[in-house]
Amino acid sequence: MKSRNGPLRVGIGGPVGSGKTALTEKLCKAMRDDYSVAVVTNDIYTTEDAEALVRMQALTSDRIVGVETGGCPHTAIREDATINLQAIAGLNERLPDLDVVFIESGGDNLAATFSPDLADITIYVISVCQGEEIPRKGGPGITKSDLLVINKKDLAPFVDVDLDVMDRDATRMRQARPFVFSDMKRGDGVGTIVDFLKEQGGL
């Protein structure tokens, strides 16, 4: 099921260092053989994340666009998504068979959200390294995203985090909304996220 404006648009948000780019890379590699995929990355003053995805060979460079948001990166995914919508339109023009576009936000905080005009599905990524209390702090990313990804679960013993506490708090804060624990370094959890996108996005 493509959106009215073309390909399915998946917004990936989360704080700096949570693993957004790693997730984007893994999703691209997992889906590129079956779907026509592209990426738009958001950085404040550089296109560093886009360049990183090219180096990782997530996709060919013509399928990855980096936009420089300047100032506050939240604005480019929420109040005024024009720069991202233009990037998607450009990709769609070059690649008319596009099925999925991942929109990776700049590093943001728990209050950041994607405009519904920009993203059909939203994924919010947090890391266990931020502390086991993060899920219960709430905020739109934690409570309202379509899927919450709790990443770097392998590091929990090293940062004194109890995954059972995070599981309990995420269940309470999100109510019926799904979440998944992941380890992007090893690709653990990627299959579950891909299945979620296929089901929710009608791919």
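We number each residue from 1, going along the chain as drawn.
Including glycine, each Cβ sits where the backbone N, Cα and C put it.
Look at Swiss-Prot and you will find G14, P15, V16, G17, S18, G19, K20, T21 tagged as GTP binding site.
Burial estimate for the binding-site residues (S18, T21): highest at S18, by number of other CB atoms within 10 Å.
Shown in sequence order, G107, V125, S127, N151 are the same-chain residues outside G14, P15, V16, G17, S18, G19, K20, T21 whose Cβ sits within 8 Å of the Cβ centre of the GTP site. G14 (GTP binding site): 27 other CB atoms within 10 A of its CB, across all protein chains. Following the DSSP three-state reduction, the secondary structure of K20 (GTP binding site) is helix. Counting Cβ atoms from all protein chains shown, P15 (GTP binding site) has 19 others lying within 10 Å of its own Cβ. Cβ packing within 10 Å was compared across the binding-site residues G17, G19, and the lowest neighbour count falls to G17. Look at P15 (GTP binding site): DSSP puts it in coil. Spatially close to K20 (GTP binding site) yet at least six residues away along the chain are I12, G13, G14, D49, E104, S105, G107, V125, judged by Cβ distances under 8 angstroms. Counting every protein chain shown, the number of other Cβ atoms lying within 10 Å of the Cβ of V16 (GTP binding site) is 10.
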